[in-house]
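> Take a look at the following structure, please.
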Amino acid sequence: MARVFMVRRQTRTINLFSRFKEPERVELSVPLEFAIDKGQWPHSRSPSTMASQTVKLTSSDGQEFEFKRTEIKKIDMLETMLNHLGFGEDAPEEPIPMQSIDGDALRVIAQWLLLHEEDKPHTWEHRHFHRFDLNVSKEDMELLDSLTQSLLAAVIKAAYYLDMSEFIDTLVKYVAKTRWDEMSQVV
């Protein structure tokens, strides 16, 4: 359990107590002005060490992909993770490993994000209002039609893992529309 309190005006002391019989005391002194003036906590990186505005992801098979920080706003899991790690609008220098997503699925996600680069993220109300509308854009249809069934399944799994609500809506509508078209051709 960490307790933060001010010892002197210029420093902060952080005490960490372990669960062992004798508490272990660790003191970390950081100038208070750094935290206040920069708007950052001591564990955040300084602006000079921040990476560019691209986030690198590494797939399970070792392929590396770069995404713009604005594209990451459509990937809720990564956006939340980066905000909790204190990056805010910045990006980490190191690539983020995605061990449960293979390179082909991540490539399709990158292509979809590139197609929708100019689109603003939809609100929950917008998605809820249009949930029964099975219209999928021509570009999305062309992208998803080019996928094999196994790759489409991997992309759906990756979209759910990354919590990409807009892409999930598109995938669900695409699968429903293609299945509906297949069933109508049989009848």
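The backbone N, Cα and C atoms fix where each Cβ goes, glycine too.
A quick note: this is a predicted structure, and the numbers were derived from the prediction, not measured.
According to TrEMBL:
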type	residues	note
DOMAIN	54-116	domain 'SKP1 component POZ'
> Kindly report the helix/strand/coil residue split of the domain 'SKP1 component POZ' (54-116) according to DSSP, in that order.
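With helix first, then strand, then coil, the domain 'SKP1 component POZ' (54-116) has 26 helix, 12 strand, 25 coil.
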> Give, as a single whole number between 0 and 100, the mean pLDDT over the domain 'SKP1 component POZ' (54-116).
90
